[in-house]
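Peer 1: Sending over a structure as structure tokens; questions will come in a sec.
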Amino acid sequence: MKRTPKTYHVKSFGCQMNVYDGERMAELMAADGMVATDDAGAADLVVLNTCHIREKATEKVYSDIGRIRKTQGEAGRAAPMIAVAGCVAQAEGAEIVRRAKVDVVVGPQAYHNLPRLVADAAAGTPALDTDMPLASKFGQLPARRRVGPSSFLTVQEGCDKFCTYCVVPYTRGAEVSRPFAAIVDEAKALVDAGAREITLLGQNVNAWTDGERDLGALIRVLDRIPGLARIRYTTSHPNDMTQGLIDAHRDVESLMPFLHLPVQAGDDRVLRAMNRSHTRDSYLRLIDRIRAARPDIALSGDFIVGFPGETEAEFAATLSLVDAVGYAQAFSFKYSPRPGTPAADMAGQVAAEVMDDRLRRLQAALNRDQQRFNAATVGARCDVLIERRGKLPGQMLGKSPWLQSVHLTASAAIGDIVTVQIAHAGPNSLGGIVTAGLAA
Ligand code: 5AD
Ligand code: SF4
């Protein structure tokens, strides 16, 4: 028998949806009487909230479990209870108990049961719950606690797109939208708890609908919550970019001029093989419409290099798409075959050295554009939401409307929105001088 844990530590890997789920799991454990600790090496219960998207992310879970046990053993402590949550839990289920002897395995749609599973494990049986019940977990979670100035709110989960390389439709299930009223209530609770910015989350966030409204209509309602200064959303699929959402970018001042819109590749044959259901041209035309609605919008994307069968000429089409769009920032990955996905069995798997070379060239182009975008904001005035203290004395860090990190020296408080003039730009952050917004 393990003892009932008194302290807990949640470690989230992967996407922002995991960060949100991790916060909600922490709230559950706190409501159950446990106390948070920042130190995984000292916690009675360690929850690893895992990511399955690429092979490296999955392997990290197993090495982390080993490391936590070792640290606690070296400190002479009893072995901690280990719970594996998130997408690896969903995908591997009982296999994790076999391979790593963990105490609890809980999937992303079942974590509201975590306190019960922990109690079961304390009573001596490894506890597993990877159900995807029809009734949503959200109604069974405790109220939101104090949050930082920038907070996440999951409004949509799951994916029906079945891109051929991707595990998400299997680990997170089908597309489900949370009800309108529940989202508005949670947004108000977050603002009451200290949020000034809310990022709406979903694997396909722009597929959110309540049957009548689209995400643009939801954003127009959230815009009216007093005290909520900024709204963002991520991640979007090009095919779910409704006219209503594009119009919201034109009309809603609190909707920040930033859009993460993954394209993955620039060649139509590759896009077809990926089952992306958009073409290079339809994506570029969509970008034109979005820019017409909001000319200063900063664009971000995701890219995969070395998808099975990708030729040099097809990869060159990705580079030329990058040139055509001019991203403000982006994420790029080497293709990683995921067991059970169609692409894992496709002919023409690309050699590791070729992928390395393509990733290097793609990242050079993306970094060049990011630097260009940052440099173009020098001299501009913009609002910065202060999120935390910097490393230097008196330094504060925040975000520009275009999601750039801005550092400044001022007696601003966390949660303040100050107007700054951008004085210099580096590859990853900007320096600003406050011109307004501070209390006298
Ligand atoms: N290999 C590499 N990258 C992947 N992504 C999703 N699945 C894979 C995979 N099997 C990337 C996509 C997606 C992002 C979240 O992760 O670019 O948009
Ligand atoms: Fe994965 Fe494609 Fe769904 Fe995005 S849209 S989660 S890449 S299947």
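Any Cβ shown, glycine's included, is placed from N, Cα and C.
Just lifted these from TrEMBL, have a look:
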type: DOMAIN; residues: 6-123; note: domain 'MTTase N-terminal'
type: BINDING; residues: CYS15, CYS51, CYS87; note: [4Fe-4S] cluster 1 binding site
type: DOMAIN; residues: 145-372; note: domain 'Radical SAM core'
type: BINDING; residues: CYS159, CYS163, CYS166; note: [4Fe-4S] cluster 2 binding site
type: DOMAIN; residues: 375-436; note: domain 'TRAM'
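Help me picture where these features are in the structure shown.
Peer 2: Secondary structure from DSSP puts CYS87 ([4Fe-4S] cluster 1 binding site) in a helix.
For the domain 'Radical SAM core' (145-372), the model's pLDDT averages out at 97.
The Cβ of CYS159 ([4Fe-4S] cluster 2 binding site) has 23 other Cβ atoms within 10 Å, all protein chains considered.
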Peer 1: Tell me which binding-site residues (CYS15, CYS51, CYS87, CYS166) have a Cβ under 6 A from ligand 2; sequence order is fine.
Peer 2: CYS166
Peer 1: Mind giving me a neighbour count for CYS51 ([4Fe-4S] cluster 1 binding site)? Other Cβ atoms within 10 Å of its Cβ, every protein chain shown.
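Peer 2: Counting Cβ neighbours of CYS51 ([4Fe-4S] cluster 1 binding site) within 10 Å gives 21.
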Peer 1: Per residue, counting other C-beta atoms within 10 angstroms of the C-beta, which of the binding-site residues CYS15, CYS87, CYS163, CYS166 reaches the highest number?
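Peer 2: Counting Cβ neighbours within 10 Å, the top one is CYS87.
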Peer 1: Return only the integer: C-alpha distance in Å from CYS51 ([4Fe-4S] cluster 1 binding site) to CYS166 ([4Fe-4S] cluster 2 binding site).
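Peer 2: Cα to Cα, CYS51 ([4Fe-4S] cluster 1 binding site) and CYS166 ([4Fe-4S] cluster 2 binding site) are separated by 12 Å.
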Peer 1: Around the recorded [4Fe-4S] cluster 2 site, report the further residues of that chain (criterion: Cβ within 8 Å of the mean position of the Cβ atoms of CYS159, CYS163, CYS166; site residues excluded), sequence-ordered.
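Peer 2: Apart from the listed residues, the neighbours are LYS161, PHE162, TYR165, VAL167, VAL168, PRO169, GLN203.
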